[in-house]
Each structure stands twice: as structure tokens, then as C-alpha cells.
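Student: Structure incoming, see below.
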Amino acid sequence: MLFNPKQTCDFSMGDMATYLQCFWGLFLSLSLYFIQSESTSHVYVVYLGRSQFHDPLVTSKSHIQLLSNVFSSEEEAKQSMLYSYKHGFSGFSAKLNSTQATTLANTKGVISVFRSKVLKLHTTRSWDFLGLTLYSGEVTPLQLTYGDDVVVGVFDTGVWPESESFKEEQGLGPIPSSWKGKCVKGEDFEPKMDCNRKLIGARYYLQGFEQEFGSLNTSGNPEYRSARDFLGHGTHTASTAVGSMVKNASFLDFALGTARGGAPRARLAVYKVCWGKNLDGNCAEADILAAFDDALHDGVNIISASFGSDPPLTPFFSSSADIGSFHAMQLGVSSVFSAGNAGPDPSLVGNVAPWTISVAASSIDRVFPTEIVIDSNFSVMGESLITNEINGRLVSAFSYFADGACLMENWNKRVAKRKIILCFSNRGPVPSAGIAQAAVLAASGSGLIFVEPPTMQIADVDIIPTVRVDVGQGNKIQIYIAQSSQNPVVKILPSKTAIGKSPAPVVASFSSRGPSPISPDILKPDVTAPGVTILAAWPAKTSPTLLPFDDRRVNWNFQSGTSMSCPHVSGVVALLKSAHPDWSPAAIRSAVMTTAYTRDNTFDSILAGGSRKVSDPFDIGAGHIHPSKAMDPGLVYDMKTRDYIIFLCNIGYNKNQINMLVLPSTGTDTSCSHVHQTNSNINYPSITVSNLQSTMTIKRTVRNVGRKTTAIYFVSIVKPHGVEVLIWPRILIFSCFKEELSYFVTLKPLKKSQGRYDFGEIVWSDGFHKVRSPLVVLVNNSNDDDDDDPSVFASNITAASSSI
């Protein structure tokens, strides 16, 4: 029993014995506390930068030697270690107490030591909406022309190998000779049966998860100790990115059509790093880094990862995703991440490293209108996925739930048999339709009409029939119920599929928004892509809701989230890598960003879900992806090693540490300048200045990648409000002798302001290509006494012109 000074110490007695008893009791308690804290072990990642040895065995031995410094023997060190990361980078994960972790963190040659956290998942019409239509009259549509030679590594919950999405496409050639990966045998996963020329790799990583949650219990917790997928998330994302063409795909006849991934001919390698626990996906960072290490050795070309954590974000090199993707970038491998599902509030975007692509989520032009007929007197339209007509009596939530809030704890125990209950999301409030469904299900209700703001409505796969209606329609229904002498008769008709009847894209309300909380001068998210009610492959033995009492089984399922938008971009990146194998990850990201669009299918500005307002770059990044345009962007903003070195200097790394991180290259200066260089000067395709106090000049460099080596580009500018923008030169002339040119952007604040972002854009055009960069500026000078000196603006312009 622990000592409790409140119970033991009565100082009012003034007894010396009591004082001594209290002192020694308190001392003993604190000693036991610190001993317990020191002896408690957790999984830590020890990151050492790039591999200093070319031999993986030598690298692993060096890890054991380093780890042995905090253990009494080498054998204890070996037992503590989970993984040795020895291919794409150097480091290891091990069970350590806080003292051991601190000792290693202070050891020379160690970049960072951090606790292995558990990340969460950010949970076929979409490709037609993106302009990649199969039957457009082309002999060889874009999706079928490229991809054979590209391998996409999907880090997720595994794969259902029997799905038709992972069959071999007709005419698919042999596995690329560069591939070094393999399919690993496991529970219900036999490599000879389950892998082919499409699914060419399958690995699973469990040690980090089991250290966090205990041994995987496959009997009480439906999971497979193998690369086989139960949760469905990994099967869904993999088929979205690279799934083969499958005709007549649908969810219970909704969205019937030909399903396929962005790059149907690309190869798939699955790395199962996320595991089900209480039907939730959990991804341990120790496992994620092990997957990165293997994937880079196996020879993947793109990594697609739909997981992350919400702010507060950890430093860049105390994050498995940032470390793995940094070394992937150096090896020419693009990493695509989901931006997160924490919207619509600002500054909650995740996965913000400047060497990755961060993807927001938006809708497509497909909806599922569902008619509700009340007493045959009037009807309202909502959205749902209801297959059969439903009849019952319409009741208000006030009849069954305290304060009219459809929450389990508010249920008054009255049975609502054959009742369809009207629930308002703002009563309670009720955070989601799923929570209201659980409450109505507990009350034995037959159905739910869920009222929420119009920008929040997303048709979903429900556990009971649910129609989502907006607040205006919900008010009409509520008034009708109040004025009726008895419960009205209600009929809900089967839902339909409607295409092109609604403005799209619209940013999903859940999609995480910028600015980046840890690097505000780098715009994140980078782009947006389809992520709302996306149809893709699903495990045949998993119910569409994952719930054990749901006995439905489907081969295709709807899912929403930035988890779904991420693989859309991964598929496009695979096409770009196949068409332009010499492009760097930065050049590919540039092509995706500078060709993105900001207008919807009504030619108006894209709306931001969660509001009625026009979206801005913090909602959509550079805009909505346009795959066919990205194949021929005209110009690209590439990033040299020096760009990343400037960024590393700005986040606190010195020359010695940078040499441990960056692959050596001739003539590259790894020193940090004594004069601070803002991250705005990194050659990113967007320009963001998060603290404009006075006139400043920013440099950008573009490379001509168009079909014509001789090209002339002219600039046009949309100025952010209250900011003067000058670009020099205003004309870029490319030739076979000059394929790369620089220009300078000088910004001058024209207003007093603080804490307000304004938005503009810079567009370079040769008459055919339009190379667009968002311009994001926060003027922060309201406390300044004097206006900016005009001579500073002039001198900046002179300096820019002399540099040219």
C-alpha cells in the first residue's frame, strides 16, 4: 500500500515522531515512484541517420554494440531489440526504460530517440470524375498505357488477395527485374497461391503492436497473423491506387460500373503495419519504420500510407513517417500520405514534411438521393444507401431520448419498434450519425432520419437504415410532427445513384486543414483528391460495417476519409513515375500541384465543406488533382539537396548531423549559413510566407520539361489583399542550352495587419501550359510604428535583377 501523507500526517499535533514518520514515509514513496518509473520499459526508436555501412550485417552488429552500452550484457541487448533498420537508413527499436533512452539520446552519433507511438488510420466513379475515362475513344487510355514497370508499396492493414482487383491484367508482363521483395507466408496466406505478377510482395510487422497491446488474439479479436486483411482498409486503399479493372462492381447495386485503380497495370507490394484492436486500426511506429526499411530495399517506387496522428505533431526526425519518407526521397521514392480527418478547424493537418505529398479529401459528382414521403402529403430528399422501401411511424427523438439527444445514455428505455426517429445532430450534441444509429438500435427503432448541416452530409454504410437530411428539411419534418395529432406514417423509398447533379468537388468537412503547425512556410496539404463515399474492393469475409452482428458480405464497399484520397494521388504518381522515370519525387509533386484546378464542375470556386465559404489553399493546397494535365506540366519546381539542407538547418540541425542524414554528393555544401534563410526560399511549388513584416524577396527555379525545348513563358499574378507583388523577370525564355531558369518574387506589405492570411497565385503560361503556384501571405506588422521604406522595395528589385 502506498504512503498517503494526507491520511498519515497530522502536523497540528506538533509531535516530532509524527514529523519523522511523515518525512521518511514521503521519502520512501518518492523513491519507490522513481524506481518504478525508471524500470518501466517502453518501445523506443533510436534513429542514427543514413546507413554508414554498405553491409546490412555490419550495420546490425553496430546497433547491438550501441544498445549493449545501456545493458549489462550483449545478450540482454539482443533480447530487448525489436527491429534493426539496416537497409534504407540506420537505426533500431528496442524496449528501454527512460534512463536508457536518455543515455542513448546523449550518445554521439544518435540523431534522435523517441517513444514508438501508435498512429491511427485516416479512414469507382472517382477515376471518371478525374478525367481518366476508359471509353473516351482513345485506343490506349492513359491508365492502361503506363504503370507496368512501377511498384506501389501500400502501408496499411494488409490485403484480401482473392479480390478481383488483384488479379493479373491481360498482357501484364513479368515482374520488374529490379524487384527484390517477397511474399511472406502466414495465417491463411500462402505465397504460391495468393501472390502473382500483380500482387508481387506481402509482408507483415507485428512486434511493435504486440509490445503495445499484448499478443495478437485472433480468436477473440478477428485478425490474421499474416498480410491478409480483416479490417478492409488496406484492401480498399490498395485497390484504389493500383487495382485491376473489374466490370460490374457495385455495393448492393449502388455505383455500378467498372472499378479500377489509378494505375491498373502497376504492381502492388503490401506492407501490413496496422492491426485491428476493437475494430480500430492501430499502427505502431516501430513496425512502420521496419516496413520503410524493407520497402526501400525491396525496390518500391511509390509508398502510399493512409495513417498519421493529429497535432501536436512531433519534430520531423522523431516521427517514423517523416524519417522513412526522408530516406525514401533520397532514393527517388515518392511518399504519399493522408492529411488527416480532423477538419474543419484550422492548423490540424498532419504529415507535413516538405519531402512528402499530403492529400486532403473532397467529394465527387456522385450522390445517392433518397426520398422520404410523410403521410402522402409532402416529401423531402435526403441521402442514403437504402436498398428496400421502409415503412413505419415517424417520431421525434424527444419521445425516446432525454432532451431529444440521440445518445445511448439519454435513452428513456421506451421501445421504438416500427418507429423511424428524427434526430438532430446539434441536440446533445450528437457527434456523428453512427452514434445516433447505436442509440436508435438500442431502442429497437426501425430507422433514423439524421439532421445535420448541409455541408456535413455524407452517404455511408449504416447499421440501421439512415437518411441524412439538412437542417432546413429537418425543421420542416419536426414542425409537421409537432402539428400532427398522431405519429405520421412515413415511407422511405430505395436510394438512387445520381451523377453530375451536384457541385463537385467540395472539400470534405472532415478533411484536415492548414496551415502546418510546425512548418508554416510550407503549404500543407499539397492537393486534394476524391475521398468521399469511394467504392473499392473489400474482404469477402468482413461485413461492410465491421460489426459482428452485421451478416452482410460484399466484395465492394464505400469508405470516406483522407485515407481514400491518398491512394488516388498514389495511383497518379505511379502513372507519372512510369511515364517520366527520371523525375525526382519533388518534380512529380510539382507536376501534380501546378496542374491542379480550383474550380468545380459548375466553373465556380471549390467550396469548403463544414462551411458555405469558398475554399482556400489551407483547404485544398494547390487545388484538385488533374492527372492528364500532370503528365505534361510544362515546367517543374525540382528540389536539390541544398533545399533540404536549408530546411534541416532551420529546424535546428548542424553540419555534422546533416552529414549523418544526407547521402553524400559531390559539391554539395552541407553547412548552415550564419544568415537565416526562410523556408519560404525552399524551391517548393507553392509560396507561403507566414510572417511578412517588411519587404522580402523569394527565389524560385523552374525546369522546362515540355515537349518543346524552346519555349517562352509569360507570368500573370493574382495579388494577395494588401500585398504588392513584383516578379522579375516577367518572361522566361527556355532553349536547348537553357532548360532551367530562376525568377524572383518581391513582396511588400501595403496594410497594417496581424494574424490574417491572404491568398493569391502566380501563373506561368506559354499559351498551352499553365503552371500555377498558390501564393499565401500573412502580413504581420500591426505593431510596427513606421511604414516600410520604399527604398527597401527598390533595392530588393535591383538585387533580383542583378542576380538574373
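For all residues, glycine too, the Cβ spot is worked out from N, Cα and C.
Residues or ranges marked as domain 'Inhibitor I9' by TrEMBL: 43-122. According to TrEMBL, the domain 'Peptidase S8/S53' annotation covers 147-603. Look at TrEMBL and you will find ASP156, HIS233, SER563 tagged as active site, charge relay system. The domain 'Subtilisin-like protease fibronectin type-III' annotation in TrEMBL covers 681-777.
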Student: Just to be sure I understand the packing, how many Cβ atoms besides its own are within 10 Å of the Cβ of ASP156 (active site, charge relay system)?
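Tutor: That number is 31.
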Student: What Cα-Cα separation, expressed in whole Å, is found between ASP156 (active site, charge relay system) and SER563 (active site, charge relay system)?
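Tutor: The Cα atom of ASP156 (active site, charge relay system) is 10 Å away from the Cα atom of SER563 (active site, charge relay system).
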Student: How big is the gap, in Å, between the Cα of SER563 (active site, charge relay system) and that of HIS233 (active site, charge relay system), rounded to a whole number?
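Tutor: One finds 8 Å between the Cα atoms of these residues.
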Student: What is the number of residues in the domain 'Inhibitor I9' (43-122) that are helix, strand and coil, as DSSP sees it?
Tutor: 28 helix, 27 strand, 25 coil
Student: Looking only at the domain 'Subtilisin-like protease fibronectin type-III' (681-777), report the model's average pLDDT.
Tutor: 97
Student: Ten-angstrom check, please: count other Cβ atoms within 10 Å of the Cβ of HIS233 (active site, charge relay system), all chains counted.
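Tutor: There are 27 of them.
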Student: Helix, strand, coil: count each for the residues of the domain 'Subtilisin-like protease fibronectin type-III' (681-777), based on DSSP.
Tutor: 1 helix, 63 strand, 33 coil
Student: Would you count the other CB atoms within 10 A of the CB of SER563 (active site, charge relay system), including those on all shown protein chains?
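Tutor: That number is 30.
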